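Novice: Here's a structure for you.
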Amino acid sequence: MASFPRFRFLAIAVVFHLVKASVDPTTRRSSSALRRPGHVALIAGLYEDVSAVTTGWKLNPVNFDSVFNRSRHTWSWGSPDILPMFEQGAVPGRVDAYTYGAELEDFSLDGFALDLWVFDHVKELFAEARTNKTLNDALRQDRIVFFLHLLGLDTTGHSFRPYSKEYLNNIKVVDKGVQEITELMKDFYADDRTAFVFTADHGMSDWGNHGDGHPDNTRTPLIAWGSGVAKPQLYPGEVAPGHDEYSSDWNLDHIRRHDVEQADVAALMAYLAGTEFPANSVGELPLSFLTAGLKEKAEASLVNAQGILEQYRVKEEGKKLTELRYRPYEPLSDEGMATESRVAHIRQLIETGSYEEAIEESAALLKVGLGGLRYLQTYDWLFLRALITIGYLGWVAYALTTVIDLHVLHGRIQPSRTLIGTIISTSALTALYASFAISKSPLTYYAYAFFPVFFWEEVYARRESLTEGRKELFGHIKSSSNFVSLVFNCAVYVGIIESLALGYIHREILTILFVIGAFWPIAYGFSFLRQHMALSITWFLSCIAMSTFTLLPPAMTTEDVNMIMLGGALMVLVGIIYLILEDFVLSDFGWSEKPSSPRNHVSRTLVGIQIGLTLLAALVTRSSALSMQANQGLPRGNQVMGWVVLVVSLLMPLAYRAKPNNHYMHRILVIFLTCAPTFVILTISYEGLFYIAFSAVLVSWVRLEHAIYKFPSSSANGAARSAPSPAKPHNLETSQTLPSPFRPLTLRDARVALFFFVLFQAAFFSTGNVASVSSFSLDSVSRLIPIFDPFSQGAMLILKLLIPFALISANLGILNKRLGVAPSALFMVVMAISDILTLYFFWVVKDEGSWLEIGSTISHFVIASLLCVFVAALEGVSAMFIAGVEVSEDVDRAVGKGAVAEVLLEKTEAERDGGAGSGGK
């Protein structure tokens, strides 16, 4: 017989119920609702960095210690996405991983087959051991672990939802399998020295998703029984300690509930298996689970605390070697009570029989050790936060300075660098780099230091541009009323940006903004409304339609085939209406006896093909969805047809090159129909309706902005569009020799950039939230990729998220043409605005508290950070979409009273040819 209890660990990715007389029903808070971080916390006792979820699954071993690595040998069965991580990260030959093929992870079918595979192969191992002496001897050693990764319920929950009959049937399969494996091990060993732990790496929401940090996704079961595990604590006739509203309907009020953290499970497993605690474990051994006496518990608690203190000691020594003036953690410094003294005191308590006091002292020492680890982790945070904040502020200032230099002054003022400025910036950067070199800081620190110095040095070099730009932009503000109006507008702009920050948490904020924005045309007076009544009504209705989506739950809950078909039908209807009313649309939505241009039959035929592809996408999607709902899997023909429709539809714009129709409204329709089939295939609910409403808002916005730009009697527009103050002689000369084909930006254009920014946020938050990025439904991608493939499926989901942004980039590109501004001008303004949000979210990031708070704040910051890069990328997308597009002649020539440089360009060309001047104003 072995002298140590054997350990069997069952991991399952859903909340599970299992109550027996010898089982202690407990619940555990998970650190993460994602697979990899959850398994690392469970098996290694370490809370891996959140970014680890992006490191992949199959070929990224866990590069730190684990319970498996500390065991004499571990046998594991289950998913090819999880087991290889721990097999490759352990001592060679210590972990055996038996995995099924990835083709079994089919989300279009019931997932219980995955669990049956695991149970069957465990039975085969023990059956072989009865005839294989070598294997039999290996199985009877001490400190061995059996790890059964049961993925079936997770797969079934994703595909059919946790309250489906398929899910309940899968629970029965797991119930029976657990019973059979338990009896199998009891019969094989016949010594009652096996411990069992049943738990999960994450929970699951009612709609079959996880990953967003919601309590439903981070609360998981922890059920332990067998050798070394304490019996349940019963409280007959009363509510036992530990219960709350969450467990009120379990009908287990008489049994005490014990809550632990996810990393604590690794410590529990190590103790039950008789192994050392993993070297990186930060878990606290849950003593309430153990049958051991007080002396054994006291000794185990001390060993647990010493492991944490050893981690602190090693990390502190490393920090001392790289810091010029190291500031020690006060509770563990020499000035305080020395660690050695506290450990010796605890040992003395154990030797004198004061076990309970020793346990309390060990727990307190462990908390101090965790505090020390936290202190070292955040040692440089204040300095880094200050440095990064200066960098973000420098970027905002640099972006705005560049906008003024290129798109207000058209580059007529050159940067002015001084020796003092160069010396100051160089000295600052040298001092920072020297400090980093001495401290052996990561390479990222050098980037943190470089960008603030670079940005602010560039801003200083362009100080004359800022001075001249202020005159150009604010020169018309001379009266107190104009100044008050400016301050009011600035306050409104700041308020809208702050409301967008709240919109990351409360999507309903966008509803309020759209309702307010629906009345925007009224601000230009009744004369404007009379001239553009139809356009104003269209804008109003589309804004009201958009306001409804953020009142609905994120479109990741349940699949609604009828809603999908309605969205697809309306997309088809939009295309048909265009073909019928093409002359009306291309005549700027006005009737004329003679069409503005002859009909392009090739182009109309291609539009018809795109309409057909959208209809086909809807029909194939309906067939696939119904087949999978009936548990019949994804028909191969449907999968092939879905891919054909998706690829062909995205390539359709290339066909228009044969005989293009370059009218801007036709181009918008082509882009709309290009993305429509993809959106239909990848939608599960009301996203198709959003796609139509969002497109209507964008088209209305482009036309409305142009109408306001041309409207002569709008006081706001008149102030913004009035000609700039007379240029200085040298500036005029520069402008004439280096003319720009675009007009300079004015204060009015800040509103256009703000509208773009609001619509940019709505493109994402109207159908989802930050949580929906990681907590997504697989219903849509399973119509194309039914087999689990995180990278391919993730790419499909990202494609779906990007489609609305492609629409808005194309529409902004067209609006730039209609307003006569440079293509990059408004994009650069938005890039500056976006980092105001980034800086806000940077300072509210949390790494303590609930996983919901931690995950949400980090996600907010990451998304806001990527906005800047994303906006820059959209400029290139916009240029591609609107290449060769034509707007009406009156728009291209709408320079009116403004000093648009296109007139100067014509004048320069005329003078070059020796002709008369063009007479530009």
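Cβ from N, Cα, C; glycine included.
Relevant sequence annotations retrieved from Swiss-Prot are reproduced here:
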CARBOHYD  ASN69  N-linked glycosylation site
CARBOHYD  ASN132  N-linked glycosylation site
REGION    715-737  region 'Disordered'
TRANSMEM  37-57  transmembrane segment
TRANSMEM  386-406  transmembrane segment
TRANSMEM  418-438  transmembrane segment
TRANSMEM  441-461  transmembrane segment
TRANSMEM  509-529  transmembrane segment
TRANSMEM  533-553  transmembrane segment
TRANSMEM  640-660  transmembrane segment
TRANSMEM  679-699  transmembrane segment
TRANSMEM  752-772  transmembrane segment
TRANSMEM  795-815  transmembrane segment
TRANSMEM  825-845  transmembrane segment
TRANSMEM  862-882  transmembrane segment
Novice: For the glycosylation sites ASN69, ASN132, which one has the sparsest Cβ surroundings, going by other Cβ atoms within 10 Å?
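Specialist: Sparsest of the glycosylation sites ASN69, ASN132 by Cβ contacts within 10 Å: ASN132.
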Novice: With a cut-off of 8 Å between Cβ atoms, can you find at least three pairs linking the transmembrane segment (679-699) to the transmembrane segment (795-815)? Only pairs 6 or more residues apart in sequence count.
Specialist: yes
Novice: Report, as numbers and ranges, which residues of the same chain sit near the transmembrane segment (862-882): CB under 8 Å and 6 or more residues beyond its ends.
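Specialist: For the transmembrane segment (862-882), the sequence-distant neighbours (Cβ-Cβ under 8 Å, at least 6 residues beyond its ends) are 395, 504, 664, 667, 671, 760, 764, 770, 773, 805-806, 808-810, 812-814, 817, 823-824, 827, 830-831, 834-835, 837-838, 840-841.
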Novice: How many whole Å apart are the CA atoms of ASN132 (N-linked glycosylation site) and ASN69 (N-linked glycosylation site)?
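Specialist: The Cα atom of ASN132 (N-linked glycosylation site) is 25 Å away from the Cα atom of ASN69 (N-linked glycosylation site).
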Novice: With Cβ-Cβ distances below 8 Å as the criterion, list the same-chain residues six or more beyond the ends of the transmembrane segment (509-529) that contact it, or say none.
Specialist: 496, 499-500, 502-503, 535-536, 539-540, 543-544, 546-548, 550-551, 704, 707-708, 711, 713-714, 716-717, 755, 758, 761-762, 765-766
Novice: Which one, 386-406, 752-772, 795-815, 825-845, has the most C-beta pairs under 8 Å toward the transmembrane segment (533-553)?
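Specialist: By Cβ pairs under 8 Å, 752-772 leads among 386-406, 752-772, 795-815, 825-845.
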Novice: Are there 3 or more C-beta pairs under 8 Å linking the transmembrane segment (640-660) with the transmembrane segment (386-406), counting only pairs at least 6 apart in sequence?
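Specialist: Not in contact, no.
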Novice: Would you kindly check 418-438, 752-772, 825-845 and say which stretch has the most C-beta pairs under 8 angstroms to the transmembrane segment (795-815)?
Specialist: 752-772
Novice: Reduce the DSSP letter at ASN69 (N-linked glycosylation site) to three states and note it down.
Specialist: helix
